[in-house]
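Visitor: Below is one structure. I have some questions about it.
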């Protein structure tokens, strides 16, 4: 047990403490009576309470040299108050009492006190503090009750009796019932006389429980029943009384102290107006700007009332002050209040010490507490920090506190209970963790201290009200000190909260999951081959001196776009003598080789060097296409955040993105307004050149994207998708086809013409013919050619394009080039160096960049497709480079890995069945899906056609045949189309014409409601990929922003004892070390993972996904299913009001939950029929546990 504080045993002249005639007493404000003094004949005190108030009392008791005794329920056996006492005893035995009932077991508590030689019992507040019978039992047992006499508690603890007392003393009261009210009919009679609004209050007890404001007849009966039920549960007595409810009053209370000789003093007032559900949230002492005459009348009336009943010990007289500064007596609380701390701070008086010493027989004068000696100095403000979630109606949160760091410093006082790391917060008790009291010489200084202290707290593992308190304390009305009792309910902007980011703990949750379960990144095979620090290259100038790359280069082709616009840019590109390079390393290269898995942190790490080395590049292909959804889906990154960061780091090179025409970056057509919205935001965020294509070369589809980019004022690079072999007269797509297509595209006024050879089947001789023919027809039109090096002829083809008149060609850094990626930039530069087509890049700088990527590729080795060389067979199967590696992975996942050759052949078959279509995302996916379908079902081409009416084709195949991807050149294949679609529609125009515009404002509101905030970029992401976006946001809510985590630790756990760093933002670094992974808990299926964070040990509980446990947890309500009703909080079901099959209306009560002394009605979210009721009265539930379903009528 905690050892009490002991003063040195020294000779003391007791007379100096008890002789109230000594002159020096008049010069002393507050004396302490030691336990061995003539008055303090008592040695041991028991506190009949829990949480922070016993700790507060124990501290003073130790200062008075008293021995201390704590009591606790079984559920409270790990609570801090038990450890702060010299002795601690459990109330009864396990299961004998409910968690709250244990602290209401008066006989058992008295029995414990007698058994262990207790002399004084302090009741604290709540529980038995206002129970006169308990006080009588204490005194009857020969002990001293630290509080008023039982008779006083009877007369004042009953608010109706206190009201009658006020009337006799000519103290103004609010109109209300003359006596206790037990029946609904009595309440109804009062409203018939006085009207609404009214307030129903528990006659015994406080803290806002058993209290309801009723504003209309419809809510009267239910409010009466809830108030009486809460009062009975909290105080053991359901009696209530009724008063007229005052609108926007202030709540002012006066701290009183009385002794056994009829002396009463006040310790001035507190302003407790800031309340929620009649529970005080923030208190101020003294009241700011209360008129002096009003203050004097309130203080005088408070003392008058106390003296009229010979009040003994500490108590509080409470008043309401209306907007005309008229005051009305409410009640006297015959106990110490939660907020007594602020009075102590401004008066310097220890109220608890005074309580104990008065109970021992001291007079106020002996304690130096005469009214003329009591004054205030400065201001004090108290906040109650609770485990409540303000964003969910302040529903109490439960769980384990993982991190607890307190505030401190000058003028900060903390009175805590169960606020410590490792504490288990249960639904059984009050949700308060700690009281934070700050004092200052002025109200504003005190307010600023509280705000600072709140920001200083770090509490993780449970939700807290700290963000709300910070918002409240910063509101102009609070700053002015003009709050009223319903200020919180009346001020919705208080709930525009900026919550704590909780970044470290969320990051630990992810790292812990990787430590226990390994990486969950789809497509990852094993751990990285490279685990060292990547060495960044140095760029040298012509004299061999290192370039300063601490800042990015600011000179490049982008400056022409920014300063002169897209048209001038196009003219400048066309006028340029050399053939420019677009570097694809940041997008298509890693898409083709590493499954699009390269993360933002690794791009930014080489960004400044890239801006210098490639300053004369046509563009960096770095965004759009598959990188957009993969960023959210697999890397858990925001693609817009990536774009913003890249743009800042590389301000000089134009950024190019891939736009799938009317699809945006999605896989099927979207309403036109979604495309326009997307392009507008992409341009705003940093994209310069939009390479717009349509997967079927459908010009109607392509036109949507082109017009959207024009509207966004971006550079339009309208693109022809190259497929087949134009030199083969048997092939579908010949030179005439491409030239006719180019004519249609040029009519749409693009700035640049793109040629997209997605499979790498553009042979050098075909390249010369195609590019040369276009150049001849359109001599002023810039041409940019994109290819893949799958067949190994990419370098030759790109050189051929340059020689035929192309203005820009694609390449990738050497170590990320070849095979399904783009041709080698080093090889192209070497081939064109010194010629009229020289790209104008520094080869040494380009090679230096490549040294970084050579290391990085090893870091991403788990995503390699293990291709070993060129595949000229691509001229037969025509699988796009970006799809080939993904198709290999998909085949292995489907169990077709051993049939890869067969899958490639099936790709040719599928392409022919679909009409030899242009193959690029999303149509390439259609062909790939059909190929795998053919292999897995062992079908021939004829089987597919003959059995089309009965086969369950992949969804992408049906969408293509339906026309949702546009119209293919030459039409759809028949009879396959009609047979496969059966009764589905057939579109003969572009799909966007059949789609209603998206309600973008509604989407934004939906995102805001679901995730707390929403930007236009969020709307754009949702429009493209609703489910992917929602899943990503939920992941981030759980694990935070993982883009800051070094890739090695994103993909694999560190070694035990290995230290590594994570830079959360500039100047904020976490120093982490994995310490241990605990054993599997058979009860929970979890393992504890221990990390050291900035030298502090933290732990997280992680579900072991490999463990087989008996999961008896209740099913959770699916928030996406409106028919499912979940519990709004953890608690106990105290009442069920429905049954299966019952028809209910929206808002009808379904059940009542009780948690932390608060009851909450679960209401029907909509009308319908109840089914699947899963709870019964007495059941314990957690937040979001499924209660029932309501099927809409």
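Cβ atoms here come from the backbone N, Cα and C positions, even for glycine.
Among the features that Swiss-Prot reports, domain 'Biotin carboxylation' is placed at 41-493. Sequence annotations record features per position, and here Swiss-Prot assigns ATP binding site to 159, 243, 278 based on similarity to another entry. Marked as domain 'ATP-grasp' by Swiss-Prot on the basis of sequence analysis: 163-360. The active site annotation in Swiss-Prot covers 335 and is backed by similarity to another entry. Swiss-Prot lists 579-847 with the feature domain 'Pyruvate carboxyltransferase', giving sequence analysis as the kind of evidence. Residues or ranges marked as substrate binding site in Swiss-Prot: 587, 588, 589, 590, 591, 660, 921. Feature annotation from Swiss-Prot assigns divalent metal cation binding site to 588, 756, 786, 788. The N6-carboxylysine annotation in Swiss-Prot covers 756. Under the heading domain 'Biotinyl-binding', Swiss-Prot lists 1116-1191, citing sequence analysis as support. Summarising the annotation, Swiss-Prot assigns N6-biotinyllysine to 1157.
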Visitor: As a test of the contact definition, list every same-chain residue at least 6 positions from residue 786 (divalent metal cation binding site) whose Cβ is closer than 8 Å to its Cβ.
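Guide: The answer is 582, 584, 588, 691, 719, 754, 755, 756, 757, 758, 810, 822.
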Visitor: Report the same-chain neighbours of residue 660 (substrate binding site): residues 6+ apart in sequence with Cβ closer than 8 Å to its Cβ, ordered by sequence.
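Guide: In sequence order, 625, 666, 667, 693, 694, 695, 705, 921, 922 meet the Cβ cut-off.
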Visitor: Could you name the residues, excluding 588, 756, 786, 788, of the same chain that surround the divalent metal cation site, i.e. Cβ within 8 Å of the Cβ centre of those residues, in sequence order?
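Guide: Filtered neighbour residues, in order: 584, 757, 758, 787, 810, 822, 881, 882.
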Visitor: Let me make sure I understand the span of the substrate site: among 587, 588, 589, 590, 591, 660, 921, what is the greatest distance between any two Cα atoms, in Å?
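Guide: Spelled out: the longest distance between any two Cα atoms in 587, 588, 589, 590, 591, 660, 921 is 19 Å.
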Visitor: Counting only residues 6+ away in sequence within the same chain, which have a CB under 8 Å from the CB of residue 589 (substrate binding site)?
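Guide: Result: 812, 813, 816, 817, 821, 822.
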Visitor: Looking at the binding-site residues 591, 921, which one has the fewest other Cβ atoms within 10 Å of its own Cβ?
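Guide: Among the binding-site residues 591, 921, the lowest count of other Cβ atoms within 10 Å belongs to 921.
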Visitor: Find the shortest Cα-Cα separation between residue 590 (substrate binding site) and the recorded positions 159, 243, 278, 335, 788, and name the residue that gives it.
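Guide: For residue 590 (substrate binding site), the closest Cα among 159, 243, 278, 335, 788 is found at 788.
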Visitor: Just how spread out is the ATP site if you go by the largest Cα to Cα distance in Å among 159, 243, 278?
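Guide: 16 Å is the greatest Cα spacing among the residues binding ATP.
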Visitor: Including all protein chains displayed, how many Cβ atoms other than that of residue 159 (ATP binding site) lie within 10 Å of its Cβ?
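Guide: Excluding its own Cβ, residue 159 (ATP binding site) sees 25 Cβ atoms within 10 Å.
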Visitor: Residues near the ATP site, 159, 243, 278 excluded, by Cβ within 8 Å of the Cβ center?
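Guide: Other same-chain residues near the ATP site: 199, 200, 201, 202, 211, 241, 330, 331.
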Visitor: Please report the distance from the Cα of residue 335 (active site) to the Cα of residue 159 (ATP binding site), rounded to the nearest angstrom.
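Guide: Residue 335 (active site) to residue 159 (ATP binding site), Cα-Cα distance: 14 Å.
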Visitor: If one measures from the C-alpha of residue 278 (ATP binding site) to the C-alpha of residue 788 (divalent metal cation binding site), what distance in angstrom results, rounded to a whole number?
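Guide: Distance between the two Cα atoms comes out at 70 Å.
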Visitor: Taking the domain 'Pyruvate carboxyltransferase' (579-847) alone, what is its mean pLDDT?
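Guide: A mean pLDDT of 97 is what the model gives the domain 'Pyruvate carboxyltransferase' (579-847).
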Visitor: I'm trying to understand the geometry here, so how far is the Cα atom of residue 591 (substrate binding site) from the Cα atom of residue 788 (divalent metal cation binding site), in Å to the nearest whole number?
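Guide: The separation of the Cα atoms works out to 12 Å.
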Visitor: Within a 10 Å radius of its Cβ, which of these recorded positions (278, 335, 590, 756, 788) has the fewest neighbouring Cβ atoms?
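Guide: Looking at the recorded positions 278, 335, 590, 756, 788, the Cβ with the fewest others within 10 Å is that of 278.
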Visitor: When the Cα-Cα distance from residue 788 (divalent metal cation binding site) is computed for each of the binding-site residues 159, 243, 587, which gives the smallest value?
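Guide: Answer for the nearest of the binding-site residues: 587.
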Visitor: Looking only at DSSP and grouping its letters into three states, which state does residue 588 (substrate binding site) belong to?
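Guide: Reduced to three states, the DSSP call for residue 588 (substrate binding site) is helix.
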Visitor: Which of the listed binding-site residues (243, 588) has the least company, meaning the fewest other Cβ atoms within 10 Å of its Cβ?
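Guide: Looking at the binding-site residues 243, 588, the Cβ with the fewest others within 10 Å is that of 243.
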Visitor: How many Å separate the Cα atoms of residue 587 (substrate binding site) and residue 243 (ATP binding site)?
Guide: 70
